Every structure is written in C-alpha cells, then in structure tokens.
There are 4 protein chains.
Amino acid sequence: MRGSIFGKMFSMTTFGESHGPALGVVLDGVPSGLDFNLEDLQAMLDKRAPGRSKGVTARKEADKAEILSGVFENKTLGTPIAVIIRNTNQRSKDYDKLKDNYRPGHADRTYDLKYGIRDHRGGGRSSGRETVARVVAGYFASLVLPKVKVNTFISKLGPFECENIIKSFPQDLGTYNFGDPSKDQEIEKYLIDLKAKGDSVGGRISVNIENCPVGLGEPAFDKLKADLAKAVLSIGACVAFSFGAGVKMADMSGQEVSVDSANFGGIEGGISNGEMINLDLTFKPTSTVGANAKEGRHDPCILPRAVVVVESMVRVVLADHFLRQKAYEV
Amino acid sequence: MRGSIFGKMFSMTTFGESHGPALGVVLDGVPSGLDFNLEDLQAMLDKRAPGRSKGVTARKEADKAEILSGVFENKTLGTPIAVIIRNTNQRSKDYDKLKDNYRPGHADRTYDLKYGIRDHRGGGRSSGRETVARVVAGYFASLVLPKVKVNTFISKLGPFECENIIKSFPQDLGTYNFGDPSKDQEIEKYLIDLKAKGDSVGGRISVNIENCPVGLGEPAFDKLKADLAKAVLSIGACVAFSFGAGVKMADMSGQEVSVDSANFGGIEGGISNGEMINLDLTFKPTSTVGANAKEGRHDPCILPRAVVVVESMVRVVLADHFLRQKAYEV
Amino acid sequence: MRGSIFGKMFSMTTFGESHGPALGVVLDGVPSGLDFNLEDLQAMLDKRAPGRSKGVTARKEADKAEILSGVFENKTLGTPIAVIIRNTNQRSKDYDKLKDNYRPGHADRTYDLKYGIRDHRGGGRSSGRETVARVVAGYFASLVLPKVKVNTFISKLGPFECENIIKSFPQDLGTYNFGDPSKDQEIEKYLIDLKAKGDSVGGRISVNIENCPVGLGEPAFDKLKADLAKAVLSIGACVAFSFGAGVKMADMSGQEVSVDSANFGGIEGGISNGEMINLDLTFKPTSTVGANAKEGRHDPCILPRAVVVVESMVRVVLADHFLRQKAYEV
Amino acid sequence: MRGSIFGKMFSMTTFGESHGPALGVVLDGVPSGLDFNLEDLQAMLDKRAPGRSKGVTARKEADKAEILSGVFENKTLGTPIAVIIRNTNQRSKDYDKLKDNYRPGHADRTYDLKYGIRDHRGGGRSSGRETVARVVAGYFASLVLPKVKVNTFISKLGPFECENIIKSFPQDLGTYNFGDPSKDQEIEKYLIDLKAKGDSVGGRISVNIENCPVGLGEPAFDKLKADLAKAVLSIGACVAFSFGAGVKMADMSGQEVSVDSANFGGIEGGISNGEMINLDLTFKPTSTVGANAKEGRHDPCILPRAVVVVESMVRVVLADHFLRQKAYEV
C-alpha cells in the first residue's frame, strides 16, 4: 500500500534506493514451466543501461541480474521470482551536497514532506534507477506472451519527429531508439550540443502492439487503456498518455472518427479487439539543467533509455490481463 | 478482479447494466461521522443527467439515489454505504435491433468476444449509464476532503476553446460546463446543427485542483499522476490524459520547463506538492453517428455530462490517497 | 479496506445493517454463461431463515432475493451480480433500549470505540443478518463448481454429538441440520427447555468436502487451510477452526499420524490433494442470555442457521481458488 | 496472486526455495522514521534457528540478514524494505533421492500436481525455511507497535502441558520455549528418545497479547480473529486455531460463558476490546518419521522453532490492522 506493488495476477513488488546496496523485484504470478534465459534478460537490461554513446550518460552502471529464487534448471517454478541488481558504483560523496538542496521537478521536497526523512543520495527511491526492476519484470512478462510484439520507439525527440505507427518495424532501432535510425548521427550531434549548453529535452515515445489477444481488459475500472495509462504514467518522466487517434480526437467529428477503426487504437469498450494497439506517451525533459547538467553522468534526454522501460510496463499489463482473462474463460 | 472495484482505502464496487433493474455502488472505506445530505448527493447526480437543454439528449432518466446502508440519522456509520439508482425508463424494445449489430467504437463486439454473452440492450454494462455510480462515490469522497476544490470544466468543445486554467472559477458554469459560460448560446446552436447532421464532436475537459494536501501519491507505481490517469481513462470516452505542461513538454527544453513550477502540474516525483494540480483530458466524439444519431436520445457531445464524472473520479483518487497517507503519518 | 470485500477472483462486497433498508452483496468475478435459477437461490436462503421449528427463533424474516444486475435471461453475464434483500420487519422500537446498553460478547462497545458512532438497532452491521449476503455468494459459487459437494452439518450441539465425518451424507438433514436427524425430537425438546431457562448453547459444525479439484491453494500465505480458516472465522459466532485430525494432532506421534492420510484432511502443503477435506468449527453459545433470551426472537442455539452460512463461505473459497489456479494452468 | 503477499497496509512479499540462492522478504508499508537495530533483528532470527540444544536439529543454518533497501543510517525510510538471507549450507546431494519420492504430509505431490514442476531439493518453496522471511517481517512489525507484548510459548509438547495463559511472563523462556522452563531437562530427554525411535510429536502453541490497542479488526470479513487465524494457519504445520475459551465453547452454556469476559479472548464482534487476546494453535508432529527421522538434521518436534514464527505472524497482523484503523480515525 505504499505503491511498490503492481499487477494482480502477474504482480511485481519492487524495492531499492539508487545508492543503497541493491535494487530488485519479486514477481508473484509467473506461470511455471517457462523457459528462462539469463542472456536474454541481461540483453533487455542492457537496453536500459547508459553509456552506449556520446549522447547519453557515460556513467558505468553494471546492471547485472542475480536470480535469487523461482527459477530452477532454467525453468520457472511458479513460485516467486526474486531478482536483484547490485549498485556497484555508488559514489555517494557526489551527492552529499544534495542533502539540503531541493531540485525542482525532482521528488526531493515532496519526499521530505511525505516521509519526514529521505535517502538524499542521488534521488534514493525516486531515482530513475528504480526502473531497472521494471525491466526484469518486463522480461518475464514477455515469456507469458511470446507472440505479442510490443514495438516501442521514440517518435519525437526535440526537433526530430517521425510517424507514430511503423508498419515494418526494424530489427535494430539504432543507438537512440528513434523510429528512424537514419537520424542517429544528427541526434547524437544535437544531444552533445544540448549537454554542452547544460540543457535537456523531452519528446514522445510510441508503442505499436501487434498480435495482442482479443478480450484483454475489464469493464468499468480496469479497462485496458486505463491500466496501460497507469503503467506508463508511473514512470517518473512520463507526463501524458494517448491511445489511438488520442489527442487529435478533440478536433475530430464522430463521422471522421468512424471512417477508420485505427482511430480507436485497438481498444473498444476498454477491451482489446485484436487490432494494433498504439500508444503515444509524452516525456518531459530531464529536470537537471544548468551547471550540474554538464557533468558526465547526466543525460540531456532520458527517452533513449526509457524505451525499454515503457515496453516492459506494457508487457506486464498485457501479461496481467491475459492471466486474468484466462481465469474466467469458458 | 473483473474490474468493478476501484480504490484501496476509499473503495467503490459498482454494478449495473443500462437496462437491468438498477445500477449502484458499494463504498467500503468512507470514514464514520461525516454529515450526509441527500439533497447535495441528488444535486451532484443531476449534473450528470441529460435533458437540461436542447443541445444534449432529451431522454428523461430519473437518477434518484436510494441509500440502502451505511448512513444512519444523516451520519456515515463507517460501514459500507450502498446506493442504488433504478432504471425507470428502460425501453428495451428500442434496442432489440442491436442484438446482432455491432456498433463501431462501442463495446458490443469485444464484450461478445470476451464473455460469449452480452446484455445487448443499450450497451449493458458498457453503457455510459454506469458512470452514475461513480458520481455517487464522488459525492461521498467530497465529504472526506471538503476543502479541496476540484474545478472541472470543458476547455475545448469542437471549435470552441478556452484556457485550461481558470483563476477565478465561476460559481455557475452555465448549461454546458464550458469554461466560458458566455459561449453557451453559440454552443447550443452548434450542437443542434451537429445533431441535425447526424454527427458528433469530442473535446477536452480540464481539471484545476486547489488546496490539495501535500504528500498525496506513493512512489513507484501508485504515483498520484498514475492513479489520476487510470481513474479518468476508465471513463469510456476518455482517450488521452495530460498533466501540467503535459503534451507541450515534448516541445520544451529543460531550461524552459524549469522557469515555471506550474509546468510540473502540482505533482513532483509522483507526489502532490501543494500547488494547483491541473489535468487535461481528451474525449472522443460520441460513436453513434448517421441516422441513429438523429434520434432523440443520443447526445452529439458527451462532454457536458462527463464533467461531473471526471470530477467524481478525481475526488475518489484524492480521498483514497488521503486515507492512505493518513495511515502512515507520524 | 474496511473489511467488507472477500475473495480475489471470485470476490464479494457485502453491505447492510440489520435494521437499515436492505442488506446485499455485489459479486465481481462470477464467470459468464452460468445457468441461474432464482428458486435454487431462494431455497438456499431459506435454509438460513429462522422460524422453521419451535427450537429456533419465531421471528419472520422474509429473506427475498432481488437481482439488480449481472443476470440476463437466466444466464450470468460475467458482469457484477448485485443482489439485495430488503429488511421488511425492522421493529426498531424493540431495540431502542439497546442504545446505551452494551451487550457482552456483542460488538456494541467495540463498534462505539472504533467508529465513535453506531446503528444501535439490533446490532447494525454486526448482526447475524449480515450473513444473508454470504449465502447469496455461496449460491453463485456453487454454480462455478457444481460437482463439488460441501456437506455441512452440526456434529455437536450441547450434549448431542455425532461423528464429524459422514460417509453417506443424507439428502435431508432434518430440521436442525444435525448429522443424525433421528435426534431431532430430542434436540427440539432440549432447545425449548434451554430457552425457557433463558440460556443458550454452542457446539461444532463439521464440513466434509467431496470431489474437490486437486491443486487448490497457494504456497506461503494463501494456503487452502489458511483461507478456509479466515472464511469461517469471519462468521461472528465461530471461535475455533480445525482440519483433518486437527486438535487431536497435539496428542499424536508422527508415526500415528502417518498411518492414515485422512489425518491430513485432504490438504498437503496447503494445497488440496483430491481427498476429502474435512473441517471442524466451534461455535460459541448465543451471547444473549437471561430475561432477554426468553423473548420470542432470540435463538438459544445459532448453529442450525449457521450451517448454510458455513457451507457458503467454504464454497466461495473453493470457487476463488479454482479461478486463481485456472489462470495459471498450462 | 500466487499467495506470497500478506497484509494490506503493512504488507510482506516473500520468496525463496530452501536450496536456492536465498530467501527473503520485501516489506511495503513500514512507516518512516522508525529506529532500526540489526542486532535485534538478528536476535529474533536466532530464536528460529535450530541447533540450540540436543533436542532440536543440529543443522547449522547461518540465517544472516542482509538489508538491501528501505533503511538509511539506521532509520526506516518509508520505502520498501528488502531483506535477504543466503542459503549457505545447501547440501542438495542429500535430497537427490527425493526427486521421485513423495513424502506423506509434505507438499511434494501437491506441488507437482499444481505446477507440473518442482524444486525437489528439501521441500523447495514449501520448506519450513520459508518462515525465516516471516520473522524478518515480525521484527519490523514490532517497531510499529513497540508497547504491545506478544507473549508466545509452547503450552503442550507431547505429554508436557502447562496453562495457556501465563500471568507473569518470564524474561527467558528457556531452551524449548515451553511455558514452564523448569521442564527443560525432561523435555530434552523426551525429545532425544523420540528421535532415537525415529518418531516425532506435535503440540500446542499459545499466544497472550497484552496492551493491544482497542478497535483493531474490521467488521464482516477482516475480523481480527479471522486475520489472526489466516496468519497462523498459513504456517505449514499449524492445523487448528482457537481463541478465548475456543473449543471449550462447544461444551459451555451461554450463562457460563457470560460470567467471565476472558472467554471472549479480547475480541468482541471481531474487534479488539483492549483486554488480553489469547490464542491456542495446534501443530502437527513433523511428517518425517522412520529411518529418515533419525538423521541429524530432522527435528522430532517443530514447535520450539515455530514459536517466534507465530509471534511474527501475529505482530504483522496487529501492525497491519493498526495502520488500517489509523487511516480512518477521526
């Protein structure tokens, strides 16, 4: 009830401060008998890791997954799966100056107001490092629905913009997870300039879900769109959610909307209809700006690293609703 | 687990098909000793009722609340509060033709796929009538946080648009709940024309929350923004959610954002900071278009009636998080 | 979170004070397409009703079920099923004297301490009348697992005692639901004498579950025995729970126990193993004694009426765990 | 939903197989600002550890707690607290013979039936080692309600029996946690003989809760007695629960019961009334008997080690209900 548990049938409980000993997740509800592959999990974690290029932070975080339970001889047991990731490079000295210093747009002040206490080192529990646990969950969720594609990419990064629906999704999204990888060099230059100026930038991440089973989502409160919205808005920097024609609907007439079922974004009455589900999520610019932002470890744009986190949260929602629906099927 | 329960400490369980005997709600978690006033509840329900003007549906629904439990001598008992609203004007004959007829954008087909059975009369459980139960919950939630203002209004209705933040919120929003009531006559004419053409229109509802207590929202998954997003996206016609600068963040630099704390929309790190919280929600046009839409009982625009539903869902989220935080406070 | 919701996949939310307008239940999680029969439901409610003989209370309560939602043309829709039972014979005058009078063993004083307010008429929410909602839930749970027999009977009532496992369960349990119906006349005489003395008596209810599916119950906290214990201990007058050899285990050696698998009561490692599950539940004597107990409406023994409530709670637990297990099955 | 999460406001998620890398727990809902003391936690874990005397197993398990999150500079942060205990002495060779060998009374067969797969080494998830995580939770629960005494002791161990209510609870319970420590030498001799015979024995653990706050427990389903019953019945070897006069109530008349309020065991209407709460729990004999039981690592009686597990589960229930009640208090 302090908000660290997500999902009902496929549930994850996460924990960890950015500069404590470890972060991690316990998954209660992963079916038994699924094939586990540590390399695949590690590859998914690496997508979130920084330091892949000059445009994103150079901090070396060794996000190495350690399985503590629930997997035996590379099969899931059906029992809770616990995975931890040690914080190897804590450098808490760097953060001592943050103790009495509230950063705007961060949780520093609200945490102090809420708890009366805070681990001030690097954001503590509110740090983006918390999302590493979500990616672990996303990996196991992908085992539940292996045929579902959750194509996730940046469709807007500052001045760069591409379509939010990609028909032939590329195998390799490039360095920045931008929908059009041919722009990578330009993006890199843009981000380096931005960092040199101590500035940052936001953008939009889009999701194209293919092969989603029909019938996912529950009437009333647990509509698929509602649970997807909650899932992605629980990511720190996400500030807006839209599905199908979304915000454009405010400018459309009913007759225009009814022409193309894609406007409904694959969800009718809150329930998946088997068509492509597409989501558009706005992310705010990194809050750290000015002199601090010029230091090595700050990203001028969080979106490249957030892509796999978004994919993971979407996968968890789908796996959860899939298991829920399975319970009731005739 | 079929999605009809919302909230944890202030929870509502809703039920009812549009053409069954009754709709209703059970509230488990309303504190004891609050002053109940049936007239206030009824006034809130009336805001949702149609037929207030020519521009919205003429169907007469007598949404009369009947209290079954949890209130004694006009005080809440702390026990579950059950309230039902009878469906007095069912006219199910009108809907017989819908039995084998899937309406686009409605839940008709997805319900059949999901359940293998459906109450085809007027949408059944997926009808907008389901929201009457949410308004009852919203009324009781308002008793929990009486000082919090949840100013809710239409900031865009087809071609009409006004600011999404209103400094001096008017006592009376006028007939259409549009932020600028001086436009009411123009809007009425617009809607009558739209209906004559068998068309419909969407728009945007904005919420300005004043006096929100500090510290509401939980880290990780139950961030205040995440639970607000889920709450409003669970309303049938809502297709997009944004808070603070929201979608505009995709075009802003970090330095621009940091200039004005209003860009963060009253929520930092997922937790309320005491400033105004503002939300923008996109609603799609009513799905029914063409010849059917010209009939008396269909609204060409759902937004005027949805305003009090949005307000109610927001109030429930705030009451829920207020009680959660109260449990842990030192 | 005020304790009126039970079950996860097959969940019931109950409400109602004994002298308010109505009691009722909302069931969220009943699968769609099940055959509903109002007469069967009514017959189950009648088993709980008093006034069947001289030995139990003569108060006439017309426990007539009214279906408000979730059933259409005698099939369950998969949507929430709401059922209410009106309180037709409230006679609150009788209870006015209870306003400032705490009855020992009742919830009067603890409710006042907890809520600061109480519906003092006849126990309010803590009245045994609350259990009528559980029987409705039990009926619908029986539709989920129609082949499972939940044979429930009194195995001890004051000086009367019979075996707690009945091999050939009789079609008709007689007037008092005692395991040996041939004792009915003696029991009747005993209860009439008891009432004349203003006294009451407790006893034991036993449950023999046949044909329980294998694999119900979850490791760690939601073991089948744990959820069954919670279910029956949530009935007001139940004060002890035991399964299999139960309390006798305190006097047995491991070698004695291992001789007969029936000692394990059909549950190993918290999970049903397909054998008969048997439970023994102790019920305390009705708290009302002395002059008040001689009045017409008080039962000298609650057990005959509690039998169907116990059966219902057990059925809800089994249906809930069945749906949970179904979600994960390969 | 696979049963590894317990508690609502003070919730624990546990994980771990007996022979996997580690066991552990994540606590979501521990208030911030509580004083943490690693030595106290370790002392509580040591109470559960075997090898304290000849009469209990000689297996050396180093149950060393490692804090991964939620504690900073010896204060709880209010964020999730994760604690792991490594399995240092796995000796899985010993268990290879168990692969295709179902032990009666164990979960071996039911796990295979339920999951289709099992970590056969030493019981896996169903091993008693799982309870180490509960003791960690019990320690943190004790910080929430430091003034509440949860006096827990063995009141029956085979032929040894003492009162189930101890007025002056001793500081030191002796080696075997028996209510009368003067019997320790006799008990030791008894257990050594039992083990030599390859036999085992059950008994009864009693709990005397002093200084419990008034008003804990919720009406209907989450009565304090119901949640206590679930909590202790979720411990593998617990087979019966009774509170107050409990099973004796089956032989008492209402007039006898009403003489002494202690018969109600501190709980009226499901809610604590401020008096001593006393519970009696029956534990079955260890299932392993015969030649296997003569080996070093098997306990002939589990009760001495179970005492602190019972205390921990009770503490978690009390902390959970305390926080729940706090949320609603006027």
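Cβ atoms here come from the backbone N, Cα and C positions, even for glycine.
Bear in mind that the values here come from a model prediction, so they are computed numbers and not experimental data.
Record features (TrEMBL):
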| type | residues | note |
| --- | --- | --- |
| BINDING | A:Arg48, A:Lys54 | NADP(+) binding site |
| BINDING | A:Arg125, A:Ser126, A:Ser127, A:Gly269, A:Lys284, A:Pro285, A:Thr286, A:Ser287, A:Thr288, A:Arg297 | FMN binding site |
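A distance of 16 Å separates the Cα atom of A:Thr286 (FMN binding site) from that of A:Arg48 (NADP(+) binding site).
Filtering the binding-site residues A:Arg48, A:Arg125, A:Lys284, A:Thr286 for a Cβ under 8 angstroms from any Cβ of chain B leaves A:Arg125, A:Lys284, A:Thr286, in order along the sequence.
For the recorded site, A:Lys284 (FMN binding site), the DSSP three-state label reads coil. Listed in sequence order, A:Glu17, A:Ser18 are the same-chain residues at least 6 apart in sequence whose CB falls under 8 Å from the CB of A:Ser127 (FMN binding site). Between the CA atoms of A:Arg125 (FMN binding site) and A:Arg48 (NADP(+) binding site) there is a gap of 18 Å. Neighbour density for A:Thr286 (FMN binding site): within 10 A of its CB lie 24 other CB atoms from the protein chains shown.
In sequence order, the binding-site residues from A:Arg48, A:Arg125, A:Ser127, A:Lys284, A:Thr288 that place a Cβ under 8 angstroms from a chain D Cβ are A:Arg125. Under 8 Å, Cβ to Cβ, and six or more positions away along its own chain, A:Lys284 (FMN binding site) finds A:Gly105, A:Gly202, A:Ala237, A:Val239.
With an 8 Å limit on C-beta distances, none of the binding-site residues from A:Arg48, A:Ser127, A:Lys284, A:Thr286 reaches chain C. DSSP assigns A:Ser127 (FMN binding site) to coil in the three-state reduction, outside any helix or strand. Considering other CB atoms within 10 Å as the measure, the emptiest surroundings among the binding-site residues A:Arg48, A:Arg125 are those of A:Arg48. Under DSSP, A:Arg48 (NADP(+) binding site) is assigned to a helix (H, G or I) in the three-state scheme. It is 19 Å from the Cα atom of A:Thr288 (FMN binding site) to that of A:Arg48 (NADP(+) binding site).
In the structure as shown, the Cβ atom of A:Thr288 (FMN binding site) sits within 10 Å of 22 other Cβ atoms.
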